[in-house]
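Residues annotated as domain 'Luciferase-like' in TrEMBL: A:25-359. The FMN binding site annotation in TrEMBL covers A:Asp58, A:Thr101, A:His151, A:Tyr155, A:Ser226.
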Number of protein chains: 2
Amino acid sequence: MPRPDRMKLGTFVYTYGFHPASWMHPGSDVGAANSFAHMLNVARLSEAAKFDFMFMADSPAAAVGDPEALARQPNKMNRFEPLTLISALAVATERLGLVATASTSYYEPYNLARIFASIDHLSGGRACWNVVTSDHDETGYNFNRRGLDPHAVRYARAREFVDVCFGLWDSFDDDALLLDRERGIYHDPRKLRALDHVGEHFQVRGPLNIASTPQGRPVIAQAGGSEAGIALAAETAEIVFGLASDIGRSRVFYATLKARMAAFGRDPDGLKVMPGVVVNVGRTRAEARAKVDFMLERLHPDVGRLMLSEFLEADLRGVPLDAPLPEDRLPAAPKGSRALFEELTAFVRSGRTVGELIRLYAEKHTGNGITGTAADVADVMEEWFETRAADGFILMLPTLPASLQDFTELVVPELRRRGLFRDEYEGMTLRENLGVPRPRGRAG
Amino acid sequence: MPRPDRMKLGTFVYTYGFHPASWMHPGSDVGAANSFAHMLNVARLSEAAKFDFMFMADSPAAAVGDPEALARQPNKMNRFEPLTLISALAVATERLGLVATASTSYYEPYNLARIFASIDHLSGGRACWNVVTSDHDETGYNFNRRGLDPHAVRYARAREFVDVCFGLWDSFDDDALLLDRERGIYHDPRKLRALDHVGEHFQVRGPLNIASTPQGRPVIAQAGGSEAGIALAAETAEIVFGLASDIGRSRVFYATLKARMAAFGRDPDGLKVMPGVVVNVGRTRAEARAKVDFMLERLHPDVGRLMLSEFLEADLRGVPLDAPLPEDRLPAAPKGSRALFEELTAFVRSGRTVGELIRLYAEKHTGNGITGTAADVADVMEEWFETRAADGFILMLPTLPASLQDFTELVVPELRRRGLFRDEYEGMTLRENLGVPRPRGRAG
C-alpha cells in the first residue's frame, strides 16, 4: 500500500559539511564558519528545493583531543551559536523550517522557552528545537561540573525541562490579545496564567512574557535511541532523527516508536521519523565514487585517528598506523552504532592495520550511506519511505554547499518524478509543512 | 573648553515606547510587540539618523501585580526575547550598534559568551551586552529561587561572570585562523587555549568554540548606580546608563566613575556615560506639552497606581484615588531616584490625594526630562555634554516610532548645526563609532 503523504527532507548543517575534511573542499568559502552569507546560501538552496528544514547540530564545547588533529577539523572548533544563527535566518528566509539544537542540561527552561517563542514569532512559525541532553564529557566542564551527569538524571531533567517549556508556551491563550485601544485593554487577564511549576529539577512560576506563537509551540525534534530517549520522543517529539544504518532495524524502530505514541494519546502521523543519511550523488556511479575518494584523500590520518578515538572512546595517539590495533583498545560495548561497532571489531580481529581501520571507519562514517546516481539514491530513499523505515530524511551532506547543490539538482527532480517529494510548500509554518498538529491554546 | 568629540546617542526600546500607555498611541501598529517589522522600523530610523545603538531593555519575567492593570500595560508582559531579536536585526541593518540586556543571575557564562560572540560575527562587530544582575523578585521565581539573591551575592557573581566571558572571548587569538587548505591546517593550535577558570561561582574550562570576533569582545554596558555597580562599571564597562535627574549629581557621578577607571589602568575616554533622558519635542513648546498631555490622558488610574506601587514598593490596590495616601505606606528609603522620592514624600505630606500623586509620579516618570522645542532640547543636552555630566544620551522616547521620528526630524538637525552630533558613522563597528578601544587578541 503506497504511503499517503510525501517524504520530508531536511539539511543537516555542520558549517562546511558532514565530512571531517569538508572545510578543504574548494567549492566553499574557507572562512564560512564565521560567514552569515555561507549559512544563508545553504538556507536558500534548501528553501528553493522546498525542503522542510535546515538542522543546526551543536555542542556547547569545543572538541577535545590532540590539538594538532583538532586544528585540521574546524567543524567542532569554530561555529555559530545556533539560536542566534537561526534568529538571523528567520528574517532572511520565508518558508524553511529552522532547527536549533539546545541542551536541557545547561540551559534554564525560562530562558530557552522565551528564546524559541521569540524565534517562532520572528520566523512566522518556523522554529524547531532539537532537544538534547549532551553526551560528551567536555560539555560538563564548561558548566560547573566535573563531567556529565548520569544518563538517567539527564533524561529525567530533560523530561521535566520540556514539560516546563510546554507550560510556559501555553501561558497566553491563543485568543488572549484583545489589542483594544478604545477600552485601553491589551490582553484578557483571564487568558494569561502563571505556571507555578514545582518539580524535582525546576521551580518556575511563569507566566512567559511573550504571547502565544504562530505554531503554539515550536516543533520538537529529538535523536535519542536509548530507552529513555524513545520514551521522551514518543511523548513529546514531532521529528525523530537518527543515523540510519540498516533498513530492517529502522523498520522495527519506526514501528516501535509509533506504537509507543498511542499510550500518550498521540496520532502516529504526528511524529516524523527522519534518519540521517549521507548522500554522494553523481551523474554516473563513477562520478559519485570519485567524490567520495576526493574527500577521503583530504582526510589527514591524525583526524581519522581522532574520529576513531571518539567512536571507540580510546586514546589512539601514538598508535602506529602500519600495525594492527591491540585488541584491548576495543571497548566492551559501542557508544554509537552497534552494527558499525561489530564491523570494526571483526576488521580489527582479522589483523588489519590501524591505517586501514581508520580508512574503513572514515568511509563508513562519511562516505557510506548512499553513493550513486540520482536513480540509485532515489531507489534507496523510496524503499525506506514506502516500507515505513522512514517518513523522510535528514541529509548529512559531505560538503556544503557543493553536496547540497548536487542533491537538489540531481536527486530532488528524480524524487518529484516519482511523486515522492513536494513541488511546493503546503503551508506557511513548519508544522503545516511537516503535517503535524498545532497544539490548541487553552480556552479561557 | 569644548569637548573634543561628539555626543553619543542610543534609542532605548520598550516595544511601544517608554510611556506606560504608549501602546495606545495611534501612530504605531497595535500588534508591534510580536512584529519584527516594527522593531526593524525603529532600528532603521535610528540608523538613518546615525545613532550609535538601539538598546533593548529586558527582564526575564512578566511584571507582577494587579492583573487588570497589567492587562493595560503590555511592555512588560509581551515582548521579544532580546538576544534573538538583535540577532535578527544584525542581518537587517548595517551600522547600528545592537544592545541586548542579559542577566548574570540567570545565565551560564559559556552560553552567553557564545551568544554574544555569534552576534558580533553576524553583525560585523556591532554587538553590545547590557550586563544586569536583575533586581525584581519575580525574576527569581522563574529560576528555581524563592526570590532574589542578596545584592552583594548578585554583584560578586556578576563580576566573576564577566571575567569568565572575557576569558572565553579571548580563547582564539585574533590571528589564530590560518585557513590553509594547502597544508590542511585550519587554525594554529598554539593560538587557541582553554580557560580553566575555577572560581567561587563558576568552573569553566573552555575554550570557546567560536573564533575571535570583529570587536574582540562585545561592548559592555551597565546601569548600576550602587557602589558595587560603580566598581563593576569602572573596571569593565564601556557604556554606563542611568536615569538622569539632576545635572549637578550627574557631574559628580561622571567624575567619580571616570576617576575610578584609573585604578584599572583604563583611559577615561574608554567609557561613555550616557544618562537616559525622556524627550518630548514639538515645533512649539505648546505642541510638545500637548504631546505629554495626550499620553497622560491615556494613562488609566490602575496603571498609574501599579507604577507608583512599584516605585514605593507598596501594594496600593484598593487605596481610594480621592483621599490622601496614609503616610505609613511610604517606605523609609527609596529604591530608585532619591530626588523623586523626596518630591513625592513632600507631596504626600502636603495632603494631596492619591490621584494627584499618581499624576505627579506618572508625569515625572514619563513626561519629565526635556519637553520643548528642538532648541530647548538641544540646549539641555548641550549643557550636560559640555559640562561633563554626560558623554551622550540614551533616549527614552515616550512612543515608538512617533517620538523617535520627532527626535530625528527636529532635534538631530539642531544638534548637527551646533556640531554636537555626527553627520556620518566614523567606523564599521560599534567600538569604532563609540570611540572605545578594541581589546587586542593575545600574541601567540
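Using N, Cα and C of the backbone, Cβ positions are placed for all residues, glycine too.
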Greatest C-beta neighbour count within 10 angstroms, which of the binding-site residues A:Asp58, A:Thr101, A:His151, A:Tyr155, A:Ser226: A:Asp58
PLDDT averaged over the residues of the domain 'Luciferase-like' (A:25-359): 92
A:His151 (FMN binding site) - helix vs strand vs coil (DSSP): helix
Site extent for FMN, whole Å (max Cα pair distance, A:Asp58, A:Thr101, A:His151, A:Tyr155, A:Ser226): 20
